[in-house]
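A.B. asks: Input: one structure, supplied below.
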Amino acid sequence: MASESAAMDILDSAEASLNVASTALVEKEKKVQPATDETTPEKKAKMEIDAEMKDLTNDIPNSRKSQEKDPDALEDAKDPEADSSIELLCSPTPAEATDVDAMASKTESDNSVELLESPLKSPSSNDVNDEELLPLEEKEKPGPAKELEPKESEPDSKESSKSEALADSSIELISSPTSDDSLAKEKEVEVKEEHGQQAEAQVLQEIPRKADDSFKLQDDIAMEEDVPVPRSKAMQESKETQKTSKTTTKLEPLVDSIKDAIEDCINCNCKRLKKQYVLACVAILNFYKVPRKLKRSQYVCLDCYDTAVEMYEEYAGLLLAKQPLLLREFKQEQADFVTLDSSDEEEDEKTPEKPEFSKNVLDLIENELEDAIKKTLNKVEFSNQFNWSKTILQAKIERLAKKFEEVDLQLAQVQGLADKMHCSVYNSCQVVHKQLPPLDLHQNICPSDYKRLQQLPAAGDIVRPPIKIGETYYAVKNKAIASWVSVSVMEICDTTTGGGVTVKAYKIKYQHMPYPMMKTVAAKHLAYFDPPTVRLPIGTRVIAFFDGTLVGGKEKGVVQSAFYPGIIAEPLKQNNRFRYLIFYDDGYTQYVHHSDVRLVCQASEKVWEDVHPASRDFIQKYVERYAVDRPMVQCTKGQSMNTESNGTWLYARVIEVDCSLVLMQFEADKNHTEWIYRGSLRLAPVFKETQNSLNADCAIHQMRVPRRTEPFIRYTKEMESSNMQVDQQIRAIARKSTSKSGSPASTAAPPTGSSSSSAVRHLNNSTIYVDDDTRPKGQVVHFTAKRNMPPKIFKSHKCNPGCPFPMMHRLDSYSPLSKPLLSGWERMFMKQKTKRTVVYRGPCGRNLRNMAEVHNYLRLTNNVLNVDNFDFTPDLRCLAEYYIESTIVKEADISKGQEKMAIPLVNYYDNTLPPPCEYAKQRIPTEGVNLNLDEEFLVCCDCEDDCSDKESCACWQLTVTGVRYCNPKKPIEEIGYQYKRLHEGVLTGIYECNSRCKCKKNCLNRVVQHSLEMKLQVFKTSNRGWGLRCVNDIPKGAFVCIYAGHLLTEAKANEGGQDAGDEYFADLDYIEVAEQLKEGYESDVERADLDHEDDNYGPDAEDDDDFRPNNYYQKKKEKLRSSRSNSSSTQNTELDSQERTVISFNPNTDLDETVRENSVRRFFGKDQTPFIMDAKTTGNLGRYFNHSCSPNLFVQNVFVDTHDLRFPWVGFFASSHIRSGTELTWNYNYEVGVVPNKVLYCQCGAQNCRVRLL
């Protein structure tokens, strides 16, 4: 019965519209059809039929009431063969039936036939007096007496059958005219069609005029907002007709008050003046453009409901009046809003299922509904609306085009007038323009550098004028590495070398000598007296003035300022403040201005052949690879590193950095300072990079955790544009050297035919060149918690589990920081002077000002939220989400449901997908990896306070002990997690609570072991393959995810890396990192003994294996000192040729960094090496993190399921506040040169980029 009542409600709504449509159709036919003689037989027959149908249609309301009062009687009276449902669908209200009868009595016979061709109404009136309708009346409305007398059931059935027969005969009379009247009716139909076509043509002709009049009328009163636009006469008539046919329906509100109600009006612009609501039907939802929700009830207030109904009535009035709909502008306020709802609705929020239709109703709908709709639309001539709309729109377009032309004409006139005014203003005073010479502006140039730049010569080819007799030059006195002095050329002569080759020699005379001194030298040992007239390129042989005042340490005051031979290591450029970097032959380095450089008269084609043997190899490799890359240490003031000095590696600290030079102060002797080139092999980081490239014949490149905070190596590429011949030769050599094995110490030529096979493989092959303007760009959308209930007004109370609001919907699909705001919390901003602070207000109205108060509140109320759902950073946007509108390829979840949070994949560059990879949440051990996960070997705690007391928690003490070993004074509050935020890495590892602990699963010491909660997205980058970005803001220290994959041994990794690739390898070197952080441990540093009080101490060869003094230079140094002391009268004159102690660019000893004999790894077996995590074919989303030299993530080793130091979990934490839409990156810490014949340049674009990654 419930299904039948629901069907009747649906049919009632369509009943009124069909009746009004029939009434309007009658009015039109009265106007169109010509008058006929009422006395004709056809007319009389149809009048009788009209009277009969009038009696049938007047009994509907009372019959319906009887059906509602006695549904059982209705069920008994229903005949499955009778189309009673369609009759109910078309039955009008009593008021409408009266209007229709009144109209039908005045119309002609054809109008009556037309009216009754629609589906018949079910006869249900009690006022019918005809005797032949009494049985039908008794069937439709059984009285109380009849219901109590079961004996009268048979007469009732007979009467019902008679009524059905009568109803069928009535339908047959109306819908099927007799054959005698067929010819007359055909003629009348033809007349109707002719008049209808003429009327339609007249309407089409009048529509543009009416539309133009309507537009003009609207333009005249557009400025008056309160005065409505007058309607046409036809529209007013349609309104009156609509009012007469309108049915008054009393709506009973389903919700009496909004005070305690959860429901809200579906209209976002509702003023909430009414407190009564009704269920919103599909028509109301469509009117306010609100999507329908199948599992939830949607309500609308009475005001908004009446507004929608009135607007629909205006639409229906125009349709019934057969007027174009576009002549009336229906204004509806629209607001752009996004409803923030969960994808998973609460189970208990379900609308009770509506009863299904009965079989009779379904059969009726299938058979008659489509025909009824077509007939109804045909009666209102709905097909004409398309032609009318097209005509109206075309008229409007033409009118707007005319307006545009007028506006363009007015704009051109105004622009011309403005141009005339502009010219008249500026022509009043004539300005004299004077062309000045162009000025080359350089950014970030200080005044002194700019003045020096103006004094520099222009670039050009190097021209060496011939040596002339009598002119002054510089020449070597004793040795080529010593200082050069001024001489005069006395004579040019020819000499024969040992190979029988005749060369020119020059006899010179030294100036400023108390006695004449003559010598014959070659052109290579002569230099011009004046500075060069052009700028000098890389590798040019010169002598440069060395400033002795900059020398520190033991050589301070000994080395004097003079000209020394060397080569140009850096040209003049803005980065070095327009100075030359000079590599002197004896190993010293210094920056020199152009005025302090002299060009050597003759140089070899291979300039390193003229250099001292101690520096020859280094300068050769430097010149050859300068245009490719230069490895240099990136260091800052105060950093320390191992530095070689006189054959010993000592601990030195950075005092100052000057472009490519660094001033080092040795710890052994505070007075010993030295300027060293940042790419010199005497610096330990550069030396180790070179050694790794030499020893890695078949190595693999692995991502590793940084071992210490030491300076790192950055590879700089110099692309100097020059057309000089020497520079072109150097670049050719540099390019040719890239096809070699890449070993910087190897000088042997490659075998024949191996140049192509040993070519360096560049791995940067994923660049996509696109125009960013034509590609879709994402945007950050700021949501609002629309469905959130505001917190209560605070009243003094003790917080308990009843304070939070009950959860009305699931929050699994939302970001962690948005969950409180969707659960009745508020995040407020307080401003104190210029400082902004964040305060959370709980559902009970209590304000919480820090994480400690939030944690205490969550414990007291047993809230499902956790401390990682809150953050007090003012710049954090909790409800901001990154959104991309259009993509070419999109996947909903690459984890296939394994993660609690879905991980979508997008690609808006092309239709490619990432390489196939099986998703795995945790690491998977392989053959040879013995991973012991026995819980009995784990340390556990018995905390009951969510492990908030680090002093009493056993798991916390493991972490604290490791940190205190290196830094005993560090406060315990700053160690490890701080309310599940890790603000700085713990290199000794973090020990989390495990399954044996008695604490809760969401205690403060459980972070990495939880599944993914951040909303992340895999996307295709333009130059770095696939990457991963955050969809929402991530606070500093928040946990992102772990790095999972196959656990491999080093042997398996080397084997698989060469076959399948090694780009997803991560080294688990926790033991090496922790051991090198131990206090006082420096396996590779030799510290000098500063305590000279113990005279009995005598070191021997076994005490110091690394010390290998250079006896030759020691003796030479002592000889020089003795010679200087014996001849002190000649030290301060230019007569002596100063010879300094030779400093090699290459160290005189090896840096031994082998594994310590007492390493922890020896307890796990012989020849133990770090295990490797491979995410090539199996892994989680951590494999998509790209590298950056300035990353926003850092790596942390965490022990969860095992305390075996060889198998820590690798977790990623945010190193800073990351805004939504930002790519997530971490530092791979690749060792450059480890993999031979492979080059990978960094594309991160950071300011401290290393340029070369592999």
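Cβ atoms here come from the backbone N, Cα and C positions, even for glycine.
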A.B. asks: Looking at the candidate ranges 313-338, 391-416, 599-624, 1223-1248, report the one that Swiss-Prot labels coiled coil.
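C.D. replies: Going through 313-338, 391-416, 599-624, 1223-1248 one by one, Swiss-Prot flags 391-416 as coiled coil.
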A.B. asks: Per Swiss-Prot, what member of CYS878, CYS917, CYS947 joins CYS993, CYS999, CYS1003 in binding Zn(2+) 3 at one site?
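C.D. replies: Answer, per Swiss-Prot (Zn(2+) 3 site with CYS993, CYS999, CYS1003), from CYS878, CYS917, CYS947: CYS947.
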A.B. asks: Might you list, by sequence position, any residue in that chain lying six or more from CYS993 (Zn(2+) 2 binding site) with a Cβ less than 8 Å away from its Cβ?
C.D. replies: CYS940, CYS941, CYS947, CYS953, CYS955, CYS999, CYS1003, ASN1005, ARG1006
A.B. asks: Tell me, what is the mean pLDDT of the coiled coil (391-416)?
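C.D. replies: Taking every residue in the coiled coil (391-416) and averaging pLDDT yields 93.
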A.B. asks: Through the lens of DSSP with three states only, how would you label CYS999 (Zn(2+) 3 binding site)?
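C.D. replies: Going by the DSSP assignment, CYS999 (Zn(2+) 3 binding site) belongs to neither helix nor strand, so it counts as coil.
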A.B. asks: In sequence order, which same-chain residues at least six apart have a C-beta under 8 angstroms from CYS1189 (Zn(2+) 4 binding site)?
C.D. replies: ASN1227, CYS1242, CYS1244, ALA1246, ASN1248, CYS1249, ARG1250
A.B. asks: Restricting to the chain of CYS997 (Zn(2+) 2 binding site) and a gap of 6 or more, list residues whose Cβ falls under 8 Å of its Cβ, or answer none.
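C.D. replies: Looking at Cβ-Cβ distances below 8 Å from CYS997 (Zn(2+) 2 binding site), excluding near sequence neighbours, one finds CYS940, CYS941, ASP942, CYS943, CYS955, CYS1003.
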A.B. asks: Is CYS993 (Zn(2+) 2 binding site) helix, strand or coil when read with DSSP?
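C.D. replies: DSSP call for CYS993 (Zn(2+) 2 binding site): coil, neither helix nor strand.
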A.B. asks: Helix, strand or coil by DSSP: which one applies to CYS955 (Zn(2+) 2 binding site)?
C.D. replies: helix
A.B. asks: Around the Zn(2+) 3 site formed by CYS947, CYS993, CYS999, CYS1003, which additional residues qualify by having Cβ within 8 Å of the site's Cβ center?
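C.D. replies: Counting only non-site residues, the set is CYS941, CYS943, ASP946, CYS953, CYS955, CYS997, LYS1000, LEU1004, ASN1005, ARG1006.
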